[in-house]
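Asker: What TrEMBL records for this protein is below:
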- 23-43: transmembrane segment (TRANSMEM)
- 74-136: region 'Disordered' (REGION)
- 80-89: compositional bias 'Pro residues' (COMPBIAS)
- 101-113: compositional bias 'Basic residues' (COMPBIAS)
- Glu259: active site, proton donor (ACT_SITE)
- Asp390: active site (ACT_SITE)
- Cys453-Cys485: disulfide bond (DISULFID)
- Glu499: active site, proton donor (ACT_SITE)
- Glu524: active site (ACT_SITE)
Amino acid sequence: MLMRKVPGFVPASPWGLRLPQKFLFLLFLSGLVTLCFGALFLLPHSSRLKRLFLAPRTQQPGLEVVAEIAGHAPAHEQEPPPNPAPAVPAPGEDDPSSRASPRRRKGGLRRTHPTGPREEATAARGNSIPASRPGDEGVSFRFDFNAFRSRLHHPVLGMRADESQEPQSRVRAQREKVKEMMQFAWQSYKRYAMGKNELRPLTKDGYEGNMFGGLSGATVIDSLDTLYLMELKEEFQEAKAWVEENFHLNVSGEASLFEVNIRYIGGLLSAFYLTGEEVFRIKAIRLGEKLLPAFNTPTGIPKGVVSFKSGSWGWATAGSSSILAEFGSLHLEFLHLTELSGNQVFAEKVRNIRKVLRKIEKPFGLYPNFLSPVSGNWVQHHVSVGGLGDSFYEYLIKSWLMSGKTDMEAKNMYYEALEAIETYLLNVSPGGLTYIAEWRGGILDHKMGHLACFSGGMIALGAEDAKEEKRAHYRELAAQITKTCHESYARSDTKLGPEAFWFNSGREAVATQLSESYYILRPEVVESYMYLWRQTHNPIYREWGWEVVLALEKYCRTEAGFSGIQDVYSSTPSHDNKQQSFFLAETLKRALAGGEISSFWQLNSIPWIKISTTQDRPRGKRN
């Protein structure tokens, strides 16, 4: 103010600065801004500063999983900062308990920081499974079980809350009957074969078999989720205790990669997702590690058998081949092994299988059943939606659903394969029955296996996401195929279906030889009943499901468990003396189509993820 009063003084600017001084000031200011932004965005460990400027995305609570693992992250997604922003900012951010809260990445996995010794001990229990990957210092991989449970549409245990309003007391009684059958099957196994792989009810002893490499307790682990869903709490605790105390992985035999994956790893993962019990997660990860040597082939396509002793892949002759339903039925479990362990190797192995299948030329768009893991070429042009091929297609549509409908590769592969199947394999018999034949180098075998009867449910499941003009068509196709499979049951003396049935010489939906007339407690037909009931609520599917229950009780129940039968066309059939583990894991879960005791896939009808892991099991090649 004093300067303004001096005569002849004219300020250089309103701030009292001349032009050269203003220039120097602006130069200093721009340098300061550059330095600040460099510290924010270029220096390491700057994510906390970024949070001052970049607001976190708001997401619903729950597991944000699979989309990135499957290799289908959004195009704009970049590698996340070392310390992702918290889902809900809370005071005391630097407090260890605060850092344990779930954190989100843009469109990918949710992770947390280690909270201390507990997490480190958990990681250590995982043996060679690393808690973090290079470049992810300080980041551990954890599954938010509570958030997952909060996303379930229905309670995990037992019936829906509004069950008392259901007027159908007959349905409730039928449900209790199925539960009693499960309890009887379990108690018989526990009494005569506990710890063995399967029960032999006629001789009242256990059976180990030779496809599990020395692993034991297949029935225990296969039964875990069914026992839990049916609220057989005491039996579930018995099974859990056996896993904790007696399920040992220090075995040295040769095992079927496929069978160990679907029965053991699938069973353990389902039990973990239902209960949050760490023992199931840890055992699944350790067992998954033991399967990795099967992928050590020139193409990365795994061999069917892995040696637990040598860590090599079995059947190591140049002319041997891998089976589509086996190497194509690993994707769901292996993605979740990566999610629960943080070890990317599991996801990388199954991504490579997809890569090989996408590149290889397919005859008329069809996937043959045999592929050389050495050359990466098809060994022969035998195509089947039944045994040897079936669960490959099932895993495609379920990978699409499990990814929250982001795995476009799986979706495209599924609908392209379905279109080829419909063009070259689908037939209608003179009697009006729709069936999926088998293809051998351009020549059709007009037969359909029991294993192929899952396809009615699969097509119904996938109808919703088909092109709009195809949805009604696929729903009708699913219903027609399911009707054909029902006819294979209805035309037998026992009302149980044969292993395979033909459409020739004026005979339709019946087996033509004794070697195909057996029934081994398979679930595929009742699985389709369940899917069709859930989609249409047509009571016929519940009626058909109950027919199966009555037939199982009449012809398969013995004094000490359930047994398969050798001839479905005999009213006094001989038993095969084997209670298959998948009878408890699958068949009884589906036997009452539409009952509230259902498979994990139906229980967990979350819109963005179908976590089966995969108690809705593939069936492929079962011995």
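Note: Cβ is positioned from N, Cα and C throughout, glycine not excepted.
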Asker: So of Glu499, Glu524, which of the active-site residues has the fewest other Cβ atoms within 10 Å around its own Cβ?
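Answerer: Each of the active-site residues Glu499, Glu524 was scored by Cβ atoms within 10 Å; lowest is Glu499.
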Asker: Counting Cβ atoms within 10 Å of each candidate's own Cβ, which of the active-site residues Glu259, Asp390 comes out highest?
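Answerer: Per the Cβ count, the most surrounded site is Asp390.
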Asker: Please report how many Å separate the Cα atom of Glu524 (active site) from that of Glu259 (active site, proton donor), as a whole number.
Answerer: 17
Asker: Out of Cys453, Cys485, which of the disulfide-bonded residues has the smallest number of neighbouring Cβ atoms within 10 Å?
Answerer: Cys485
Asker: Could you state the CA-to-CA distance between Cys485 (disulfide bond) and Glu499 (active site, proton donor) to the nearest Å?
Answerer: 11
Asker: Quick one: pull the CA-CA distance for Asp390 (active site) versus Glu499 (active site, proton donor), whole Å only.
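Answerer: Asp390 (active site) to Glu499 (active site, proton donor), Cα-Cα distance: 14 Å.
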